[in-house]
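Here TrEMBL flags A:Arg48 as NADP(+) binding site. As annotated by TrEMBL, FMN binding site applies to A:Arg125, A:Ala126, A:Ser127, A:Gly277, A:Lys292, A:Pro293, A:Thr294, A:Ser295, A:Ser296, A:Arg318.
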There are 4 protein chains.
Amino acid sequence: MSGSTFGEAFKITTFGESHGEAVGVIIDGITPGLEISEAEIQVQMDRRKPGQSSVTTPRKESDKVHIVSGIFEGKATGTPMMVVLYNHDMKSEAYSDIQNLFRPGHADYTYLKKYGIRDHRGSGRASGRETAGRVAAGAIARKSLEQRGVSIVAYTKEIGGIQCETYSEEVIEKNAVRACDPVAAEKMVKLIEGLAKEGNSCGGVVECRIRGVQPGLGEPVFDKIDADLAKAMLSIGAVKGIEFGAGFAAARMLGSEHNDHMNKDGFVTNNAGGILGGISTGEEIVFRVAVKPTSSISVPQKTIDVNGDEKPIVTEGRHDPSICPRIVPVIEAMACLVLEDHYKRQAALHA
Amino acid sequence: MSGSTFGEAFKITTFGESHGEAVGVIIDGITPGLEISEAEIQVQMDRRKPGQSSVTTPRKESDKVHIVSGIFEGKATGTPMMVVLYNHDMKSEAYSDIQNLFRPGHADYTYLKKYGIRDHRGSGRASGRETAGRVAAGAIARKSLEQRGVSIVAYTKEIGGIQCETYSEEVIEKNAVRACDPVAAEKMVKLIEGLAKEGNSCGGVVECRIRGVQPGLGEPVFDKIDADLAKAMLSIGAVKGIEFGAGFAAARMLGSEHNDHMNKDGFVTNNAGGILGGISTGEEIVFRVAVKPTSSISVPQKTIDVNGDEKPIVTEGRHDPSICPRIVPVIEAMACLVLEDHYKRQAALHA
Amino acid sequence: MSGSTFGEAFKITTFGESHGEAVGVIIDGITPGLEISEAEIQVQMDRRKPGQSSVTTPRKESDKVHIVSGIFEGKATGTPMMVVLYNHDMKSEAYSDIQNLFRPGHADYTYLKKYGIRDHRGSGRASGRETAGRVAAGAIARKSLEQRGVSIVAYTKEIGGIQCETYSEEVIEKNAVRACDPVAAEKMVKLIEGLAKEGNSCGGVVECRIRGVQPGLGEPVFDKIDADLAKAMLSIGAVKGIEFGAGFAAARMLGSEHNDHMNKDGFVTNNAGGILGGISTGEEIVFRVAVKPTSSISVPQKTIDVNGDEKPIVTEGRHDPSICPRIVPVIEAMACLVLEDHYKRQAALHA
Amino acid sequence: MSGSTFGEAFKITTFGESHGEAVGVIIDGITPGLEISEAEIQVQMDRRKPGQSSVTTPRKESDKVHIVSGIFEGKATGTPMMVVLYNHDMKSEAYSDIQNLFRPGHADYTYLKKYGIRDHRGSGRASGRETAGRVAAGAIARKSLEQRGVSIVAYTKEIGGIQCETYSEEVIEKNAVRACDPVAAEKMVKLIEGLAKEGNSCGGVVECRIRGVQPGLGEPVFDKIDADLAKAMLSIGAVKGIEFGAGFAAARMLGSEHNDHMNKDGFVTNNAGGILGGISTGEEIVFRVAVKPTSSISVPQKTIDVNGDEKPIVTEGRHDPSICPRIVPVIEAMACLVLEDHYKRQAALHA
């Protein structure tokens, strides 16, 4: 009801604010006996954390994973696992100057309108920091999915208009922007470094591929795999769009071009992006998300304050010129949550 | 869990198959005392029904709305309203030839894989006919939203590559494709008529605008208004993508271009599409969905049968060469459901 | 949210009013492939229907089961099954005299206060007739449970102070009050016939036994099997209490008396009623519910009307002097719904 | 699905084990702006904590309330409030002797059967300690309910067969057993002290009264106020039964005795316990719960170990001879959660 819970059979609830004491998550529905270590979760957390490279915010968060409950002798007990990440390098004072201003592109105005009260430090629950709990939960879902033979990989496909033209999975984690094309990656890094100097930011496109899902996963009619993935992705702050398979290009195709034929070996093409009628076809599930340029920029902007008076604003803070590299593990995490949930729901249906 | 329920505080569950006895919906959470008539619902139902024009399937469905429960002397009682629409013009025999074939682009294969059993007539629950119940429920949500001062309008923005270049709301319901540009509409109709003759189909883009939503509606962090709208839209069979505000174009913008500034009168621009941090800004909520070309075409295609043997297939049946005109009221209905639900959730939070 | 839905993985939503067109239910989560016939459901429906004997209301309802969706060639498809039961013998005019009076013991006053609007014919959703949908759904759950080796039986244990002193399952369906002791049953029937003449009614106790549930079913900590059964039973209009195993008698026992010891063959005693920590022990699950005397009596009573004016009231109508015999199949149905739901949830957890 | 979440519009999820690092709760749906302090929550927590008197376990838990999120400058922000209570005085080694034994009356056997894995220290999630999070959440619900004019009080009505014969609210918190009759309270204390010496335990009955609820609260047909209260109460480990108003005694009453008449001033009697058709009448909501004798006793008992071998068992540990005094605040907390949830649901329905 109040929006902080996701999933049904594999369910998470996140808590915590950007500049509060901690952020974290409760995960309920983990298969009992699943082996989980803080170190495994930390691997994913480190991919999301700030301060990784020249293209990410210099805010330092140790983002140290701490499991509080739901584990016994290295195995999930099947009861709620609470994972907490304490906040350290907060510098809330950086926000005192702008505490009464509505930062353009941020949720300051809408949160105040919704709640009538607002924690002005950082962005409270609307901060990207909230996603740390999702990544922790996603790491656990991923562990389970791996045992099911499912793999999930996301990567930057485009940043600031620069598109990847080759696809190599090995290079993704080896460049600062998590692009699938090392040549494009270099251009992207340069672009971002330039924008950082100007105090500006840019958007991009992240693509995700999910492999190993057998045909038949997903619930019609409202909880289609693509519907749930779309919700999952749009629940990430900076995401403004999603498309599956041929996506918006399908709008310009004929039926005779778009329909994926089948032969003995399965589907001949994959315009559907691995999903038909909301249910997995067994082909790769492919989708792309549109990521908006980071809202926090130090270019002067115009806004109003809580009294409605017009005011110039320059957001100092420490921010990512492009959020793409750090959103990649969040997208993967959300995809993992959706899939693990649907595997469990499928088991319930057939039980 | 099993995917046929949508919403939390304003909740619907649909039932029924394309070629079964009936399709319908139960709506729970209607504000007691809301005046509702079958005639009002019928208005929306008639916009969705087949056989409206030269560009829609000739299948005739009276689609006569029948309210079975939850109403007393013209007013909602606040208890579950069940609305049923009986199926009439079914011609299931048209499907007997292809009952063992997997129609390209359809959910035949995936449903069989999921359930291990399949109602081969029509597409069962995967049929567009399932959306009739949604439109009925949406009409009730719309009635309530109108009383809240909210209006929702969707229209064809692009079909088969032909784009609307002007915007006039008055023309939408006056052309067979529900386009916002009468000149483009004429071209679209011609294109579709041509495709119909060839037995082919085409996709398109539908845009939706929601006005009158006050700032502050939506639940962070997972149940953002855009996340819920994305799920709602992707739950419609033919939809392959969605974007809000600047959408995928935002991926190519700078922060300084994309951020919407504010002045005394509110937001200066609306790249955000009326949503920040998942919560309404008070500006128009704008999104576009990518609609794939109708899967049912009579152009010869290649597929396999349930035994895995390769077979040619020609889908005869009666189908829409482009689903855009008839998907418009479904998109509006789903948007209505999301909004009415969020209004009620907001009331619960502040109660 | 609005109270007409029960269950998570095996979920039902009921609709319809006592004197409307129909009552019914949508069941979502049925295992695909489960063989189901209207005749099987009818068997349970006939046990609940009015007019069975001298001790039940003479209202005649054919209560003919009609499956509208979710079935194909005799098997559940795994999609929502809608079952409808049309109302026939309504005599709503019998209620016109009392349409502005609040009948003692009925929900007339509370429904009006809640909704601000009330369908005064029968009791609307508060009528026992609403349970017809539950019994239909329960019959399907029971079919599945039988295949899991689970059996459920409920019976009258006490009526109007007359207690069963022997236990024989064979006699339950052979006496008009569904008691487990034929001698007590005879006395109960006489008592009820006497009360019927006086226009009065009496309460009773119904006991339910569930066998064949393996140890380990149930979800801690809020969705304990007993917690869910308690909710299920108290959701039946006339039920005012429930106790498991030793129940209220446990309040007067010592720990050394109440604790069930174990030996090689399992539990030595079953004071726990088959549930420890909310999870099944493998022993018989045993509970009893307190059933209040039927509220509709023709003895003169005092009440007020919608304007607050004091008025005498004599409820004519046609009613059961004791609801116990007809509540038995409803209790069984609700127990079936809880168990089937938990079996599916257990499968999801371990998937 | 997995049982650790309760409520819909005011929702809590608890986490943590008896002998883990901490127990706690996330509360989602708190009215934004509600003033809340750790001290206020602590008041309720202190009523539940062990070591309060001669009749409670000597285990010492500071049970210090710590709010981690969802609060800003003393007010609820409307986002998830996480409250944690660290475990200190655990003495897990006391459990090492019995780690392979199934303690009679405990959930050891059922948890192992359910999960295939078990945290043998304390009782894991089945421990009464899990309820600490509920009490914290309940304190917040209570704060809100007080502002609605609702008050909730529970008290020991009977212990070990000794019944309260007078009713005085002032004495409840002034005697060690939280009884409503000071004379009975003295006898109860003596009885418990005697049982403590013998290493035995006893059960009791706790009654709860809720005042100030206006007529019309509750959701038919499954989420009746009494159905939800029944689930809430049965979700407390030691509770084996519940009855509302006349309860099981209603089973022995005639309709003419049980029906509550109305006059100008409202209801003349309250056999219904303040609820008709699952909806509040405006009268006091009254229910009683049966509390079993504490399972942990040091009287020698017979059980089996994980290999099925018969073994004698003496549970040393530190336990409450009667759980009634400490269950009182838990019962109140659960009642608060149910009511606050229903107030918010009612607001959603009428929004």
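Yeah, the Cβs are placed from backbone N, Cα and C, and that goes for glycine too.
Note: TrEMBL annotation is automatic and uncurated.
Across the fold, the C-alpha of A:Arg125 (FMN binding site) and the C-alpha of the residue listed as 'NADP(+) binding site' stand 17 Å from each other.
Listed binding-site residues: A:Arg48, A:Lys292. The one with the lowest count of other Cβ atoms within 10 Å of its Cβ is A:Arg48. Across the fold, the C-alpha of A:Arg48 (NADP(+) binding site) and the C-alpha of A:Ser127 (FMN binding site) stand 13 Å from each other. In sequence order, A:Arg125 are the binding-site residues among A:Arg48, A:Arg125, A:Thr294, A:Ser296 whose C-beta falls under 8 Å from a C-beta of chain D. Each of the binding-site residues A:Ser127, A:Lys292, A:Thr294 was checked for a CB under 8 angstroms from a CB of chain B; the ones meeting this are A:Lys292, A:Thr294. Sequence-distant contacts (6 or more apart, same chain, Cβ under 8 Å) of A:Ser127 (FMN binding site) comprise A:Glu17, A:Ser18, A:His19, A:Gly237. Neighbours of A:Thr294 (FMN binding site), defined as other CB atoms within 10 A of its CB across all chains, total 27.
In the shown protein chains, 24 other C-beta atoms lie within 10 A of the C-beta of A:Ser296 (FMN binding site). DSSP assigns A:Ser127 (FMN binding site) to coil, not to a helix or a strand. Other Cβ atoms within 10 Å of the Cβ of A:Arg125 (FMN binding site) number 30 in total over all chains.
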